[in-house]
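K.L.:
According to TrEMBL, the feature compositional bias 'Polar residues' maps to 667-680. Feature annotation from TrEMBL assigns domain 'Nucleolar protein 10-like N-terminal' to 1-364. For 369-417, the entry in TrEMBL reads domain 'Nucleolar protein 10-like second'. Taken from TrEMBL, the feature domain 'NUC153' applies to 483-509. The region 'Disordered' annotation in TrEMBL covers 525-559, 574-612, 667-714.
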Amino acid sequence: MQISSVNDVKIYNLSHGKSLPEWLSDRKKRQLQKKDVDIQRRIELIQDFEMPTVCTSIKVSRDGQFILAAGTYKPRIRCYDTYQLSLKFERCLDSDVVAFDILSDDYSKLVFLHSNRYVEFHSQHGQYYKTRIPKFGRDFSYHYPSCDLYFVGASSQVFRLNLEQGRFLNSLQTDAVENNVCDINPVHHLFATGTSEGRVECWDPRVRNRVGVLDCALSSLSEGAEVQSLPSISALKFNGSLAMAVGTSTGQVLLYDLRSSRPLLVKDHFYSLPIKSINFHDQLDLVVSADSKIIKLWNKDTGKAFSSIQPQTNINDVCIYPNSGMLFTANEDPKMNTFYVPALGPAPRWCSFLDNLTEELEESPESTVYDDYKFVTRKDLENLGLSHLVGSSLLRAYMHGYFMDIRLYHKVKSMANPFAYDEYRKDKIRQKIEESRTQRVPVKKLPKVNKELALKLMEQGDEEAELASRKKKGKVLPSVLGDERFKVMFENPDYQVDEQSEEFRLLNPIVSKVGQKRQKKLRLMAQQVAASQKADDEEEPEGRASSEEESSDDDKSWVEEVREQRRLIWEEGRDRRRQKRKEGDRNTVLLETEQSGEASNMAEGTRTSRPQYYQIKAGEEFRSFNDMARKQRLQKASLEDRLKLEEHSGTSNVADTAVGSKQLTFTLRKSEQQTKQQQAEWEHHEERRKLRRSAGHLSSDRGRGRGFGGGRGR
């Protein structure tokens with residue numbers, strides 16, 4: 001049992017707690033009741049008061065002895081006897097029940113409206129008769145004076161079935177496209193139907209004429225409210241001879257006096273959900289209205305909130321036990337909730353012990369809930385721009401946030417985000433498109449990077465899944481494609497496998513052979529599974545090689561392939577070295593020719609200089625002519641001289657073709673003492689350069705010094 005207090009009204013949830021499985025033995029149930037505290041505090045008012053999956057509607061017979069509930073799955077009806085506090089009978093049906101009604105004082109006469117347009121009549125022993133209406137029905141009402149059933153649904157007509165004559169009568173033609181709900185006044189038997197256009201049409205069954213029309217759609221809209229769609233009528237209920245309550249699909253309840261076309265009171269649930277059920281509590285002049293999220297109890301004269309009940313699951317229907325404070329709810333859950341509100345009235349006669357229990361449980365902890373208020377945190381206030389209201393009467397501090405009026409919250413939220421509906425509409429359209437796409441035949445899409453590897457992994461995964469399905473206890477391992485850790489390998493182009501590299505060509509024969517072995521092993525295991533299912537193991541036929549011989553042949557084959565790849569790589573490297581040697585010889589001939597020409601010019605003493613030609617190879621970056629000459633000198637130098645030069649310059653090049661012809665360049669790190677010494681030398685040279693005086697005025701053009709260049713003065 002769970003106790004809560006809403007507006008100082010205690011509410012007892014009698015169905016709260018764990019439910020024990022039916023297959024448990026009595027001994028096991030007693031052991032659980034001794035150990036588990038939640039099970040000890042659980043109250044099972046009616047035994048097996050639940051449905052297999054979902055309960056859609058619930059009603060109480062007029063004598064108060066039987067409770068009938070319709071649910072699924074499979075479609076069924078269950079009848080509970082309150083005198084025995086247990087299940088009386090259960091009947092399975094052919095299709096889901098849209099609505100049902102009890103025509104007699106007990107369960108002996110029942111009428112069911114199914115989702116496949118069938119109307120089914122049940123008597124005390126079971127199914128009695130079955131007929132069909134022309135259109136899909138949504139609701140029906142029974143007219144006791146004439147024994148007529150009025151059916152409304154996806155049509156503009158109201159179908160009439162007379163149970164005394166056993167035939168259909170002329171239909172009532174309404175101005176609506178579709179009719180959602182209907183009801184008949186219990187005093188003067190006025191028939192009313194709620195349409196999808198937000199209107200209520202009233203008909204007199206005696207003359208079969210329409211006597212009035214109420215436009216409830218415009219009356220339900222408040223001033224300044226945003227209209228997203230035309231509200232339709234989702235609930236309808238008469239009270240007495242003149243009062244009528246109308247529920248809309250946008251969450252408003254309108255109270256009418258039949259003598260006026262304007263509503264006396266408009267009550268908003270502030271959830272924008274269709275009203276599911278409306279009931280009247282005449283002893284306290286209360287209206288009990290429910291949507292799929294909350295049940296609200298409020299005064300029908302002033303609209304002041306009396307209390308509210310909010311179950312953990314969505315609500316489908318609400319039923320009040322006559323002359324008591326007990327409520328039953330049909331939910332989107334196997335368990336049907338039972339609430340007891342002592343403020344509404346005493347407990348029923350068949351469970352009068354609840355009055356004594358409630359007195360004992362008054363000292364248990366309570367959870368306080370404020371009706372018509374919205375809980376917001378400080379961050380929500382900052383997003384809505386209402387931080388300046390902190391400390392005012394519009395915000396009530398509670399725990400880590402504040403309570404504010406739900407009407408103020410909705411108004412400010414619509415102003416802060418005026419495009420919320422457009423975003424919501426786009427999201428809904430995108431979800432519908434994605435749902436339609438999932439219904440199509442799935443197509444495997446390959447990634448942009450490493451397509452061949454992805455295709456290979458897909459094929460291996462399909463083979464493993466097929467093998468696991470053949471086994472009894474086979475488990476499929478997760479694929480690399482679905483693992484988030486390897487997601488980058490199929491998205492980043494840097495991870496693209498280079499099939500022309502030496503590493504890939506040397507490893508590919510081994511990997512391919514391993515893959516072939518794996519596929520052979522999978523096929524062999526599949527054959528063994530199939531053979532074990534058909535018959536016992538048979539002897540190996542003659543002339544067939546054993547697995548060891550096959551594995552040895554496979555090893556020889558991949559070794560030969562690796563050798564062949566090594567030979568091809570060596571031949572390609574040899575061709576490249578020959579090509580480089582030929583280009584080097586050609587460059588040497590050109591250089592010798594140019595040097596001989598320069599020597600002849602120097603012997604003649606001519607001042608004219610001829611340009612030198614150098615060949616720039618593909619892939620090299622041109623820096624200067626001195627750099628080209630230095631490279632040519634290094635090619636003729638010995639290995640010892642080249643290593644000494646590299647050590648002197650502080651760089652070292654390491655090339656290893658066995659690892660893939662990678663080149664590593666690094667610089668030797670200098671000590672702190674060497675760095676300070678170089679810095680001091682550099683500062684000394686800079687100081688001497690500033691103090692140096694030029695001696696260019698001492699040069700003379702009259703004489704020429706020794707040497708061809710004209711001396712140092714030049």
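Counting starts with 1 at the first residue shown.
Note that Cβ sites are derived from N, Cα and C of the backbone, with glycine treated the same way.
Note that the structure is a prediction, hence the values are computed from the model and not measured.
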K.L.:
Helix, strand, coil: count each for the residues of the domain 'NUC153' (483-509), based on DSSP.
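P.N.:
Residue counts for the domain 'NUC153' (483-509) by secondary structure: 17 helix, 0 strand, 10 coil.
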K.L.:
Could you please provide the mean pLDDT value for the domain 'Nucleolar protein 10-like second' (369-417)?
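P.N.:
Summing pLDDT over the domain 'Nucleolar protein 10-like second' (369-417) and dividing by its length gives 81.
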K.L.:
Residue counts in helix (H, G, I), strand (E, B) and coil for the domain 'Nucleolar protein 10-like second' (369-417), per DSSP?
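P.N.:
So the domain 'Nucleolar protein 10-like second' (369-417) is made up of 21 helix, 15 strand, 13 coil.
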